[in-house]
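*Asks:* Have a look at this one.
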């Protein structure tokens, strides 16, 4: 192919001429150091290229060579437990080759070419196969059984397939198609900007159980759903994302650190290998893929890292796995779009963001979902996309937050005031919402308890009434309230502090199963039922609220381990006995 030459360099944007043979979104190599870039605009023979590496020292006249193929990722065994940069270069391999810093023009294969994987066939000679069918499996980690699928566009009859140890570039199967014999390797490539195909999309119904009480009870996200976590600085977005990555009951986690601090990725690398998955007992790292594109890495690669992450997630979804994708933060990605748009001299939209911000965000979130995968067995897979948004100054009316809210169905609004009061997770229960409540409510009623929806509705009503009553208290004081209204304030305080507050760094409180959440919520609300019974019998509210030891036990129920959940029921029994005793002693006197 003809080689072009650079005529202008503007930060990560390079303009080259003599590129008439290239196509938009082609991958190109720029300069003597062969920096990786991607064509984002074509005008005649001039191409605008966003370069994914530092362009310092690059000048006019430098050669530009097109590869003739789009930016693609390598998909195969070796993805799990790996850490990549925004364009899927393995950071560990780069560190061994070049030290602590990314060297310009360094070329490293995404997947290890030397490691051998044991391949076990699932089909045999002369079987008919088509795109998406599982040819065999590779046990990648103790948790993940990596399924090797027929690549898209191939259909025919298996000629050869053998069990054995192979590298990702070895041919494991030959398929006779109408276009000749096609060789299938353990690895396949896929362009990042193109969604992987599936048979049909399904309606998400089952919840992604996160172990975080405010999320699972009040604002659940379905497996295959999309959620946004907007919040100002210091409100706990990253900790919420880490908690979901640690405890969410997805089988695979893809964590994208997009333009955030390097320390946060270091935390993930240090914590995840030590943490045990409550379902498998194995390290959480054994089901995790990390994509680190920290704030000091080239801006253009931020734009690619979101697509790299979702393509890897789609690959595991196609195997029939439930995948959780965390993007922290989509605001940094939008800022990268804004910078490139400005350098391209495009007409700016709101706050300088490009006019196509909404459609780019939609392209990303719409690749989430629950689907029937390609292949004969009609297996189901799901991607749950959870994006953090960092609005400047916590202003939720800014363009990235508003564009995101138009697309996602779950909104967990983090509140700086709650964070300053040390209430974590700082999700504001009054302005957050989930549009999956009805379908997940039916699932909860069937699988956890028939009372689930009623208890949740009651608790939410109490919290909303508390907000109204606080307005009255501020105006005329608490003495103006009736005893039953003052009781509501006490119960609301108990819901907030004993149920919704959760310590991410406590061994027990960091994760609550659905059964434990149900028992805890029932216990908190049974305090209201029993207290109202006592009020009707003539007991003064002060007598009920002064049952300090019992209320302390209710507050400490969150620290009861999962295997000792029967103790929560015992506290409920004790509560009934104490109220009966109180009615016997006080009720008659005051009646």
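Note that Cβ sites are derived from N, Cα and C of the backbone, with glycine treated the same way.
Predicted, not measured: the structure shown is a model, and the values here were computed from it.
According to Swiss-Prot, the feature ATP binding site maps to 231, 232, 233, 234, 235, 236, 237, 238.
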*Asks:* Counting only residues 6+ apart in the same chain, whose Cβ is under 8 Å from the Cβ of residue 236 (ATP binding site)?
*Replies:* 414, 419, 424, 425, 426
*Asks:* Going by a 10 angstroms cut-off between Cβ atoms, which of the binding-site residues 235, 238 has the sparsest surroundings?
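*Replies:* Comparing Cβ neighbours within 10 Å for the binding-site residues 235, 238, 238 has the fewest.
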*Asks:* Counting other Cβ atoms within 10 Å of each residue's Cβ, which of the binding-site residues 231, 232, 234 comes out lowest?
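*Replies:* Comparing Cβ neighbours within 10 Å for the binding-site residues 231, 232, 234, 234 has the fewest.
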*Asks:* Hey, does DSSP put residue 237 (ATP binding site) in a helix, a strand, or just coil?
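*Replies:* Note: residue 237 (ATP binding site) is helical by DSSP.
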*Asks:* Which of 233, 237 has the fewest nearby Cβ atoms, counting only those within 10 Å, among these binding-site residues?
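*Replies:* If we count Cβ atoms within 10 Å for the binding-site residues 233, 237, the smallest count is at 233.
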*Asks:* List the other residues in this chain whose Cβ sits within 8 Å of the Cβ centroid of the ATP site residues 231, 232, 233, 234, 235, 236, 237, 238, in sequence order.
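*Replies:* Going along the sequence, the neighbours appear as 390, 414, 416, 419, 426.
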